[in-house]
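Visitor: Dropping the structure in here first, questions after.
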């Protein structure tokens, strides 16, 4: 693997390989010595044009546990906020000898532009681009599902036949997009539930079932997994729905809806959560919730991705 | 062309002898952990564990045998396409204070064993570490020596040693392949 | 200038007739086959070449004044000559905006001095393109630049009342409003055509209805006030339908399509390569086909380039940060041949209509007869329709290189361009800046009207 830009172009074997390597990495997380020497001498740059402390520290922990040197490059307060271009930044990082670049950017496609350019020869990991994709989040979600649904027997398998309901702001969610493609590749069936204003135009052509009605969908699907998406506060001011109260009533996972879920189903949230809006405190802290596992699994997945991108000899451009 | 140097019966005899030698030097199976190095070292470790369990009554092979993946510790990662690691499985008793016997199929440069020692170091602190190998073909790059050897095979660097084991390859033999155009 | 007589032997006129075109003292003096060259005349072997009236682009961004790092009147008209154009209408979104007589006269003078093509400035409809109050349309119309086309292109005149007043007011001066149809609220921060692909790529959608609703409103306004209306760069099938409906009602509306919207689709944006970022955005294949059909049946009157040069750094970036626009003068005719002629939708006489005579008429380009009659000004271009070649950056003659056609195989190649008898392009080679300037001085001495 040369770059990880999206889950859309990830094959099934490749995806399962990442999940399996993440299992090995997770084993390392349970040891007393959590560090591997694998990427000693390699330099990973966390290039964050958008604030995300959670994602950045997850990648930072992953790189450090593989013994890579980590440089954090945050756009805020740097030359980037003074108008330096992506190209100039990339060339600067190339001159510093970066082997891998983990990029988070508000513009969709920025990681792909970086990977396609001749500005830098590093492996590029998309850590979230605009409303496009967030592949490591989807991988850690799939990893979490696999471990919960097939305890002790997760290696080597996909998510065939698993039903996943993803609820909330699909329109602006790169997590929903990355999950859609990856879960489909792994054999799961996906249903999006959202108000019509938050369903992307053309989503009816995607391999997904669409629904506006959360209660009907939960009753009909009896899903294995319910994934709640974060509602950004700025959406409330942009007329996507009238009020937080109305949104929570229609599309929030409250205690009552939680009680109606199958007891062995799992509740996921990519974080950070708006407790009381899209998810109740009861649902977030229930035994069915995987929120904290997702955080831990994020490090394992990112270790696996960095390992695959940076350990071997660099693949030639195809 | 390939020339067979060990046949099925030779391999079986060698493993039985190694098992006895391990028990002798450890004075029994107590505090013994046998870790195979993937891929074929794991199969050999399994077999040794079963032979030992047959000799020392009351020994559960699964309690003393495990595997130790060294992919993440290799010193040549950047020179090859990315390798997919194999699982590391340590018996429940752990390795702290134990006698750990590393098992590999062929001992050559010693770099694999160097990586295995590093990997072991991150897992815990054994009392002693020993090395068992089915074939020692010489040409060491590092100051490493096997404690238990199935067969010493003098080779030239140009030759190739092929170890085939039923569980993985469907056949059972060790052969030497003549130098070909590749290295 | 060394020669003033040319004999273009064996050319094919747009109507298919063979012709030996004799050019003397800036005019066509004969097209009869078998003409012999007068002494001193340069004989051009035009066998296999199609002679078209000099192309007229109603929609060019020359960027001067204000954005000279992208293009100047001189470099932009060199690009025009390379593409077979003899007249270009220069859009008003300069810095300062071309919203006063002073700025349009400056642009006119720069064009007159360069000598590569006739430059006709377009005036802004509203002051500073702000969409708030009318600019001094009358002053621009009566200036030395004699502006007849008014446009806020780049921005939409979205206030309905202001648009109504503009349509009414330009009637006074036989002008026309060229509307950039884009509802600003529906396209806030929009990046590409809205649909399944924009949703997948996470790029903010630019719905077709944002264009179609403005066109629908404006044709009704034009009908109501009885004014001429021109719609810039149609990009959707729905827009073609609205214009077709308006024409059937007898509304005096004309419409244009760009070469890139006639050939390229949104699928190119999968690469996030900002060379494909343009306003209006590239659309679906259904839209491309509808635009082609619209040109073929006359619903769309003209093809105009929307030549929009940008410096390299404006395109070498993440998609959202990149500028909108593509250069188009040098590639326009090959794209039109590829998309419309070789597909059987247009003949060469139609090409002459959509790329020369009709844009000249809409823009009130005086003095351009655009015929091959004896005595007509020798504004013409010779095209080799048999050429099939990969478009390369070295075919660009302007200052910027933001073409979406690099590496695309296109049919047809412009070989010669004559502007008032002067070959601005000679067998693929541009005339030098000094020669063109000398030609410009010659025209000024002869009193050839700058507007023709």
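Yeah, the Cβs are placed from backbone N, Cα and C, and that goes for glycine too.
Pulled these features from TrEMBL for this protein:
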ACT_SITE  C:306  active site
BINDING   C:59, C:61, C:153, C:306  Zn(2+) 1 binding site
BINDING   C:61, C:62, C:63, C:93, C:279, C:310, C:324, C:325  substrate binding site
BINDING   C:153, C:180, C:233  Zn(2+) 2 binding site
DOMAIN    C:50-236  domain 'Dihydroorotase catalytic'
Visitor: Using the centroid of the Cβ atoms of C:153, C:180, C:233 as reference, list every other same-chain residue with Cβ within 8 Å of it (recorded Zn(2+) 2 site), in sequence order.
Guide: C:59, C:151, C:154, C:178, C:179, C:181, C:182, C:232, C:279, C:280, C:306
Visitor: By a simple count of other Cβ atoms within 10 Å, which of C:153, C:306, the recorded positions in the record, is least packed?
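Guide: Result for the recorded positions C:153, C:306: minimum number of other Cβ atoms within 10 Å at C:153.
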Visitor: Can you give the mean pLDDT for the domain 'Dihydroorotase catalytic' (C:50-236), rounded to a whole number?
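Guide: Mean per-residue confidence for the domain 'Dihydroorotase catalytic' (C:50-236): 97 out of 100.
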Visitor: Mind computing the max CA-CA distance among C:61, C:62, C:63, C:93, C:279, C:310, C:324, C:325, which the record assigns to substrate binding, rounded to whole Å?
Guide: 17
Visitor: What Cα-Cα separation, expressed in whole Å, is found between the residue listed as 'active site' and residue C:325 (substrate binding site)?
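Guide: Pair distance, Cα basis, whole Å: 8 Å.
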Visitor: Just to be sure I understand: of C:180, C:233, C:324, C:325, which binding-site residues have a C-alpha no more than 10 angstroms from the C-alpha of residue C:59 (Zn(2+) 1 binding site)?
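Guide: So far as Cα distances go, the binding-site residues lying within 10 Å of residue C:59 (Zn(2+) 1 binding site) are C:233.
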Visitor: Determine which residues of this chain, when C:59, C:61, C:153, C:306 are set aside, have a Cβ within 8 Å of the centroid of the Zn(2+) 1 site's Cβ atoms, and list them as they appear in the sequence.
Guide: C:60, C:91, C:154, C:232, C:233, C:304, C:305, C:307, C:308
Visitor: For a quick check of packing: other C-beta atoms within 10 Å of the C-beta of residue C:63 (substrate binding site), how many?
Guide: 27
Visitor: Of the binding-site residues listed here (C:153, C:180, C:233), which is spatially closest to residue C:63 (substrate binding site) when Cα positions are compared?
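Guide: Checked the binding-site residues C:153, C:180, C:233; minimum Cα distance to residue C:63 (substrate binding site) goes to C:153.
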Visitor: If you measure from the C-alpha of residue C:233 (Zn(2+) 2 binding site), which of the binding-site residues C:93, C:279, C:310, C:324, C:325 fall inside 10 Å?
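Guide: Within 10 Å of residue C:233 (Zn(2+) 2 binding site): C:279.
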Visitor: Excluding near sequence neighbours, so keeping only residues 6 or more apart in the same chain, what lies with its CB under 8 A of residue C:279 (substrate binding site)?
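Guide: Looking at Cβ-Cβ distances below 8 Å from residue C:279 (substrate binding site), excluding near sequence neighbours, one finds C:154, C:182, C:324, C:325.
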Visitor: What's the number of neighbouring CB atoms sitting within 10 A of the CB on residue C:324 (substrate binding site)?
Guide: 16
Visitor: Spatially, which candidate from the binding-site residues C:61, C:153, C:180 is nearest to residue C:310 (substrate binding site), comparing Cα atoms?
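Guide: That would be C:61, the closest of C:61, C:153, C:180 to residue C:310 (substrate binding site).
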Visitor: Given the binding-site residues C:62, C:93, C:153, which lie close to residue C:180 (Zn(2+) 2 binding site), meaning Cα to Cα within 10 A?
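Guide: So the list reads C:153.
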Visitor: Do any residues at least six apart in sequence from residue C:61 (Zn(2+) 1 binding site), in the same chain, have a Cβ closer than 8 Å to its Cβ, and if so which, in order?
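Guide: Expected: C:71, C:76, C:90, C:91, C:93, C:306, C:307, C:308, C:309, C:325.
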Visitor: Can you check which residue among the binding-site residues C:59, C:180, C:233, C:310 has the largest number of Cβ atoms within 10 Å of its own?
Guide: C:59
Visitor: Between the Cα atoms of residue C:62 (substrate binding site) and residue C:153 (Zn(2+) 1 binding site), what distance do you get, rounded to the nearest Å?
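Guide: Roughly 13 Å, rounded to the nearest whole number.
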